Structures are given as structure tokens and as C-alpha cells.
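What follows is a short report on a single structure.
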Amino acid sequence: MSVLAGVRAAIIDLDGTMLDTIPDFHVAINSMREELGLAPITQEQITLMVGKGSENLIRAVLALDLAPDEVEARFAQAMDAYQRHYLSINGQFSSLYPEVLEGLSALKQQGLRLACVTNKPISFTTPLLAAKGLNSYFEVVYGGDSLARKKPDPLPLQTVCADFGLPAAQVVAIGDSSNDAQAARAAGCPVLTVPYGYNHGEAIHTIDSDGIVDTLLSAATLIRSQN
Ligand SMILES: O=C(O)COP(=O)(O)O
Ligand SMILES: [Mg+2]
């Protein structure tokens, strides 16, 4: 029997799965770096560092130039500048991946309940989902700072299962990175991965998942075929 048989809900990741947000990160990070007197960095460099939340990203970005004690000394100033710049451009340079809206509509039409779980701070996530016409699809949204622990910890996924009153085996996680898959495995959720996002520079095939789907619409088609 397929692990997708009996699935009643889906938890969808945001950055690298629904939206290509690297251009937003790029503008916000380089505006922050300029304020701190640091040279601009490339989108490719940023793509390798996105996925484990803002604190991790800012530390990694500062560590390109600064020694560990300098990173800590300038962290608060960098985070403040980064948040201010990100919120001022949030969504302006980011775009939906192909078949995201079609996939979310199909999942809903198939009767699945939908949650969004991201490591992005919730203060960035809520306006971004609204700006991109994504918020109405989700009953539940958790950002990286909504709960005590973020992905790859299973807590956000376990919380969604509890919110929906469903066993983990009936809630599929769909994401672009090993964080999503590790959280899903630890929670006991089936997991599908998309190949077009940001997996810390690692090939998608290195992720332990229950399948690779080209788009969210392909995910919906696969789930329907197994139910
Ligand atoms: O902002 C991040 O670190 C990544 O966010 P994601 O969990 O939506 O991929
Ligand atoms: Mg992601």
C-alpha cells in the first residue's frame, strides 16, 4: 500500500516550494550589508544559506567576512537592519513557481485540509502569503518563530496534526529541503519533495523522501491516484 493512501491533509513549505524568494532575500541582505559597511553578495551565495530561519541566515551571511566574536558583536544590529529592509520589500521581487495555485486548488478540491509551515518569521510570512494570493488556501500557518522549535524539529508538523485532529500518517508534508523531510520523518508524516527549490546546494535525490514531484499540481495528482 502506498504511504499516500488515506492522506487527508497537506503541510506545504513556503520558500523554495511555493515562492522563489531568493531575489527578496538578496535585496534585504545586501541593504543590511551596505548599512554595516560590507560588500554585496550574490544570489547564489544566499541560496546556499536559506532554509534554517533568519538567525541562522544572518550569522552565515556575517561569517563570510567576520570572525566568530565579531559576528556575535554585530548580530543584533545586522538582524535589526535585515528585518527592516526585508519588511520594506517583502514579496516585491519574489514570484510564484509554476502550478502552485493550480496545485493548491486541486488539493483543496480533493478534500485535503491545508497548512503552511515555514522557517520564515511569521511577521514576514503573513503579509507575503496575502500579497501573493496564497492565504485563503491555508487553515493554519506557522512561521519559524511561531512555536518553541522550527524545522527540522518535528514540532511544527506535530502541532498541525494535532490542530487537524489527524494522525501523522494522514498528513503529507511537501517541501524543497532536507529540513522539511527530516521534520516529516521525525513526526511520522509522509513527505514529497519538489526539485526546483533550495536544498543547501545539495541534489534533491540526497533527501530521504517518499517521492519527488515536479510541481504542487503533480503532488495533487499523485495523492489523488493513491487514494
Ligand atoms: O526562511 C527560511 O529559512 C526558509 O523558509 P522555508 O521553511 O519556507 O523554506
Ligand atoms: Mg523551503
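Even glycines carry a Cβ here, placed using N, Cα and C.
Among the candidates D176, D208, D210, D214, the one that TrEMBL lists alongside D13, D15 as binding Mg(2+) is D176.
Non-local contacts of D13 (Mg(2+) binding site) by the CB criterion (under 8 A, 6+ apart in sequence, same chain) comprise C116, V117, T118, A173, I174, G175, D176, S177, D180, G197. The C-beta environment of D15 (Mg(2+) binding site), restricted to residues of the same chain at least 6 apart in sequence and closer than 8 Å, consists of T21, V50, G51, T118, N119, K120, D176, G197, Y198. Of all Cβ atoms in the shown protein chains, 24 besides its own fall within 10 Å of the Cβ of D176 (Mg(2+) binding site).
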